[in-house]
Amino acid sequence: MLENSSTTLMTDFLKKCGGYAVVDGGLATELERHGADLNDPLWSAKCLISSPHLVRRVPSISLTLSKCSPRYLDAGANIILSASYQIITASEKVEIACEAREIYYDKSTKGSWDYIESGNISRRPVLVAASVGSYGAYLADGSDGKYGDAVSLETLKDFHRRRLQVLLKSGADLIAFETIPNKLEAKAYAQLLEEEGINIPAWFSFNSKDGINVVSGDSILECASIADSCKQVVAVGINCTPPRFIHGLVLSIRKATSKPIVIYPNSGETYNAELKQWTKSSGVVDEDFVSYINKWREAGASLFGGCCRTTPNTIRAIGRVLSKNP
């Protein structure tokens, strides 16, 4: 029953969006543009505590503690993520994300709505996703998912269990397990979704540094297979990964699953975990990855957005490319 309803939710959503959907972009880049210092283990979440006025400035309206800036909604995003990636218990962040969607709908102008053949106006579909970061994000030590023997499957399940219990009551449409670094954590998520009877659909999104494996060195095929076997998972994909690796990763994921593929790369720069800063890569930097969108779509992806170092302009450009090739 859940498998059918979850699958139907994403399938119907993509149909309403025209066959593809646009995911929002990065929060940290916008906060830094407004003067935030994010050199902290909490990263963007630091501003939720120390500089809430900056978070207010990013949305342009008073929606504190939320990643889902109306700038991203105005840019054409169909899926907005809460600012709960680095926070253990954060249901209010998701609730505010849901509020942002309603305020956006209330403020939407006629020109931003979609038209159907009968002449009636329908609002652009928007889902709210509750972001869940990895255990490594909590550690903030640059371990890249190589947790060692001290971290077992049960350790990870115990760590994430409370977060899921809180997010169940948040009002989110789906749960986005992001930047998953290894197959052990993917297994932990999958088992928790089953054991806790989670009735909210989810997506699993991994990250890679070489275009072949996830950051821990585990096979992307094995990781995607774990996601494919979990009935609550309605999409599988890649985030916070250099754009030059995305095409090959999409092709690999497609071998393991027929579920929709979600991709939201970073800018192609390199993150220094010690300095908590992004630096220019010594290799090819793919700042304008929008030009790759059609190639990724042809490879099998159907949900597209941006991660670190991307902005509302990036998301707007993605929407323009997709709209030209429906």
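Every residue gets a Cβ built from N, Cα and C, even glycine.
Since we're looking at a predicted model, the values are computed, not measured.
Look at TrEMBL and you will find C240, C307, C308 tagged as Zn(2+) binding site.
Residues annotated as domain 'Hcy-binding' in TrEMBL: 9-322.
Annotation for C307 (Zn(2+) binding site): spatial neighbours G25, G26, N239, C240, T241, Y264, P265, N266, criterion Cβ-Cβ under 8 Å with sequence separation of six or more. C308 (Zn(2+) binding site) counts 21 other C-beta atoms within 10 Å of its own C-beta, drawing on all protein chains shown.
The local packing around C240 (Zn(2+) binding site), expressed as other Cβ atoms within 10 Å of its Cβ over all shown chains, amounts to 20.
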